[in-house]
Amino acid sequence: MKIFDYMEKYDYEQLVMCQDKESGLKAIICIHVTTLGPALGGMRMWTYASEEEAIEDALRLGRGMTYKNAAAGLNLGGGKTVIIGDPRKDKNEAMFRALGRFIQGLNGRYITAEDVGTTVEDMDIIHEETRYVTGVSPAFGSSGNPSPVTAYGVYRGMKAAAKEAFGDDSLEGKVVAVQGVGHVAYELCKHLHNEGAKLIVTDINKENADRAVQEFGAEFVHPDKIYDVECDIFAPCALGAIINDETIERLKCKVVAGSANNQLKEERHGKMLEEKGIVYAPDYVINAGGVINVADELLGYNRERAMKKVEGIYDKILKVFEIAKRDGIPSYLAADRMAEERIEMMRKTRSTFLQDQRNLINFNNK
């Protein structure tokens with residue numbers, strides 16, 4: 001991999017290699033684009049097979065956060081940290097203290113958060129060394145469990161997708177097939193049940209599914225059968241890459257809208273959904289409630305303000321469909337274009353020099 005060629009192709013700003021011999025830290029911090037503001041993205045710890053694989057993951061995930069933050073309407077760029085190591089046995093306090101100091105050394109260009117392989121407790125240790133971290137324990141001023149907020153955003157986005165598909169955003173009487181009933185999906189089911197939707201659920205953990213059956217009157221189907229049920233809306237809320245060559249042929253819905261990340265196995269599957277007449281709410285737009293919620297911590301967390309911002313996911317999804325029609329492209333590409341247009345607009349707006357420019361990390365001091 002020619003790193004500088006790759007960074008130039010996709011407009012990356014910075015790649016920081018961090019090591020600490022005493023703690024065993026080997027980490028990579030990626031900063032993609034900071035046109036909108038400081039880069040925000042989680043910290044992932046994984047048993048990468050090689051350093052190159054870790055670098056590629058940091059670059060891919062960092063760029064993804066640029067699009068997610070921009071599409072969510074946040075004044076934040078995109079970034080990511082990856083740590084090479086086994087989260088089950090390689091963690092220690094010194095490792096996260098050292099990494100916190102590296103992040104502090106970036107002086108606010110990058111803000112970290114919890115991700116795969118890291119925990120709230122790890123973020124608390126990072127917080128000992130830097131203020132450029134979100135998702136810490138509530139005792140340090142965090143927002144707490146983000147699942148209800150994320151779920152509300154998915155619910156609002158689903159209503160927007162229903163409006164596009166059916167001409168009306170009401171979910172009353174609609175049949176919604178929910179794949180996975182974890183923390184976010186459970187809260188989503190609550191909203192859907194309260195509006196009068198009929199729920200069909202599945203989960204590899206039968207206890208999760210049984211809870212939805214008991215509390216919301218949902219119908220249970222085996223995990224392998226969820227793609228075959230007759231429904232109005234299919235809500236993927238578990239693993240990624242579940243929209244693929246095999247499953248698209250089986251889907252019997254008019255809308256795909258759920259909380260799972262990376263729902264399309266390949267980009268071409270977004271085009272295949274369109275060709276089948278299925279309205280697709282792009283995953284990183286509809287599930288942005290979590291990042292919106294955690295970003296609000298940078299202002300001094302206010303639940304009412306965060307929920308109002310999350311409510312706007314409805315309009316973001318409608319705008320995606322508007323761009324798709326305007327440009328004659330599938331909705332997954334329209335989401336990218338919406339993010340890119342916002343970044344380009346702000347790049348032009350911010351071309352004027354300011355000695356002391358306001359941004360999210362100094363907002364309350366200006």
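Each residue, glycine too, has its Cβ placed from N, Cα and C.
These numbers come from a predicted model, not from an experiment.
Database features, via Swiss-Prot:
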- K80: active site (ACT_SITE)
- G180, V181, G182, H183, V184, A185, Y186: NAD(+) binding site (BINDING)
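Overlay of Swiss-Prot feature records on the structure.
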| residue | record | CB count, 10 Å |
| --- | --- | --- |
| K80 | active site | 29 |
| G180 | NAD(+) binding site | 25 |
| V181 | NAD(+) binding site | 28 |
| G182 | NAD(+) binding site | 16 |
| H183 | NAD(+) binding site | 16 |
| V184 | NAD(+) binding site | 26 |
| A185 | NAD(+) binding site | 28 |
| Y186 | NAD(+) binding site | 22 |
Fill in the blank from the handout: Within 8 Å of the Cβ centroid of G180, V181, G182, H183, V184, A185, Y186, the other same-chain residues by Cβ around the recorded NAD(+) site are S147, A151, V178, E187, L188, C189, D203, N208, C237, A238, S259
Handout entry: Cα-to-Cα gap, H183 (NAD(+) binding site) vs K80 (active site), nearest whole Å
Key = 24
Fill in the blank from the handout: DSSP, reduced to three states, assigns K80 (active site) to strand
Exercise for the section: Fill in the CA-CA distance, G182 (NAD(+) binding site) to K80 (active site), as an integer in Å. Expected result: 25
Handout entry: Secondary structure at V181 (NAD(+) binding site), reduced by DSSP to three states
Key = coil
Problem - Spatial neighbour of K80 (active site) that is closest, considering only the binding-site residues G180, V181, V184, A185, Y186 and their CA atoms - result: V184
